[in-house]
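All remarks here apply to the structure that follows.
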């Protein structure tokens, strides 16, 4: 392995260790033993859920290719996953608010385990069913768990600021350390033990089952709007009204869609960007380096959110600008660094520069997740939290499906340029959110429900 990769990984590891070990009382939040027990329980469950997700990621494409499917068929399978998340995500989110967030988290485990089981079949239709189930599970992963956490945190009367501690630790562990360990464990199963590309999916099922057992035995149920008279259509309408009537919620949804859309596009683009001439690059080690950079970002976020100043709404403007600049590097290096014409070989100078830029972007991702979680906890009404959060994912999934369908239609520099523009627009919207963040809501969820009740009474 080239020295460059080791130096970057070692440098990031040293910075992360220094940040964590050098925290002072100003960087830490004093909490109660009851909260620490609650937080640790959630972190264990969340880490197991993310382990089940991260174990699958690096091997989905590889598994499909070993079954003999081509790039076009594999692309259709991936589109099915994102399309399923878009079509069914809002429905399952609304059911989570109405039927219970704990039930939704258990449903995530069952659905994802079934999706893993389908990977044993080489039949295209069975794999397509697995992708649909996986899309539903993804919607639940990114809405039900956070909704349960926020509601349970408030129900137990914990300090609102303590939520930021749970968020930052969850991202540090689940999107950082667990991702690295899952990558190494998957590599052990597939390459070292030669158990085949389906082994990580079986391991993921085991982690998901363990997490489900902990949820069933230790979590209490909580709801958004448990009203028996409220059907799904009414819930959708109420969530749409909440978004339309409160500019802060609408801005938050737009910011999330722009950033996550750029992030998922980056996932597809970084490999061809670093190896345009089929350079030999250690994909697993680079992935682990990116996750270490994400851990660096979440560590920075925990420090920032432990203090009253700067506010999340303020520093996220800078984060979006930095992330926008980092994804411009593939375009800049095209003009400033002479491209290599040698096929194969080691990573080029342009590739080395881009790795540093991509690590910067991943650090911004590490800051983004706990910060957007904190803002969602402040602005999204509790009664429809899961529904609204999945509403936010609709434009995201549409965007990713379009990118996947047209991934070969545009040069890679155009795709990165588009992502950079989206991130800059996100910084502008974040600026607007900061300006209006202290304004009262234009119309609360309660007033929307009262108005609907009055309207129904007049129609009778």
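Numbers run from 1 along the shown chain.
Backbone N, Cα and C define each Cβ position, glycine as well.
Nobody curates TrEMBL annotations by hand; they come from automatic prediction.
Taken from TrEMBL, the feature transmembrane segment applies to 6-22 (among others).
Residues or ranges marked as transmembrane segment by TrEMBL: 43-62 (among others).
As annotated by TrEMBL, transmembrane segment applies to 74-96 (among others).
Sequence-distant contacts of the transmembrane segment (128-150) (same chain, six or more residues past either end, CB-CB distance under 8 Å): 42, 45-46, 49, 53, 77-78, 80-86, 88-89, 92-93, 96-97, 101-102, 104-105, 107-108, 111-112, 114-119, 163, 166, 219, 222, 224, 373, 376-377, 382, 385-386, 389-390, 393. Look at TrEMBL and you will find 128-150 (among others) tagged as transmembrane segment.
Per TrEMBL, the feature transmembrane segment maps to 170-189 (among others).
Look at TrEMBL and you will find 201-219 (among others) tagged as transmembrane segment.
The transmembrane segment annotation in TrEMBL covers 285-306 (among others).
According to TrEMBL, the feature transmembrane segment maps to 318-338 (among others).
Same-chain residues lying 6+ beyond the ends of the transmembrane segment (344-369) with a Cβ under 8 Å from its Cβ atoms: 2, 4-5, 8, 12, 167, 171-172, 175-176, 259, 263, 266, 270, 273-275, 277-281, 286, 289-291, 293-301, 304, 316, 319-320, 322-323, 326-327, 329-330, 333-334, 337. Under the heading transmembrane segment, TrEMBL lists 344-369 (among others).
Within its own chain, the transmembrane segment (390-406) has Cβ neighbours under 8 Å at 75, 78-79, 82-83, 85-86, 89-90, 92-94, 139, 142-143, 239-240, 243, 252-253, 256-257, 260-261, 264-265, 268, 415, counting only residues six or more beyond its boundaries. According to TrEMBL, the transmembrane segment annotation covers 390-406 (among others).
Under the heading transmembrane segment, TrEMBL lists 412-429 (among others). Long-range Cβ contacts of the transmembrane segment (412-429) within its own chain (Cβ-Cβ under 8 Å, at least 6 residues beyond either end) map to 251, 254-255, 258-259, 261-262, 265-266, 269, 272-273, 276, 317-318, 320-321, 323-325, 327-328, 330-331, 334, 403.
Panel annotation: around the transmembrane segment (43-62), residues 74, 78, 105, 108-109, 112, 116, 138, 141, 145, 166, 169-170, 173-175, 178-179, 181-183, 185-186, 190, 197, 200-201, 203-205, 207-208, 210-211, 214-215, 219, 283-284, 287 of the same chain, lying at least six beyond its termini, place a Cβ under 8 Å from a Cβ of the stretch.
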